[in-house]
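Novice: So Swiss-Prot lists the following for this protein:
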- 1-14: topological domain 'Cytoplasmic' (TOPO_DOM)
- 15-35: transmembrane segment (TRANSMEM)
- His31: bacteriochlorophyll binding site (BINDING)
- 36-69: topological domain 'Periplasmic' (TOPO_DOM)
Amino acid sequence: MTNGKIWLVVKPTVGLPIGMLFAALLAVLIHGLLFVDGRLKSWWSEFPVAKPAVVSVQAAPAPVAAEVK
């Protein structure tokens, strides 16, 4: 495990919280940029007022009686 050598330089009690904070800030930044760009607002603004989908049910055709000879 070559990546495990980082903990010889940085203590896990310091490195793990910094890594988790970095991941959380990156996620907030990405979502913020998508929201400002309008990619999240386009469907989010319509979500609370969305109407249920209209489903049309078609009756099954009646079976055709077989001719008896």
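Backbone N, Cα and C atoms are what each Cβ position is placed from, and that goes for glycine too.
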Novice: Per DSSP, what is the residue tally for the topological domain 'Cytoplasmic' (1-14) in helix, strand and coil?
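Specialist: Output for the topological domain 'Cytoplasmic' (1-14) reads 10 helix, 0 strand, 4 coil.
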Novice: Could you find out if DSSP has the residue listed as 'bacteriochlorophyll binding site' as helix, strand or coil?
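Specialist: Where the residue listed as 'bacteriochlorophyll binding site' sits, the three-state DSSP reduction gives helix.
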Novice: Which residues, sitting 6 or more apart from His31 (bacteriochlorophyll binding site) on the same chain, put a CB under 8 Å from its CB?
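Specialist: Long-range Cβ contacts: Leu40.
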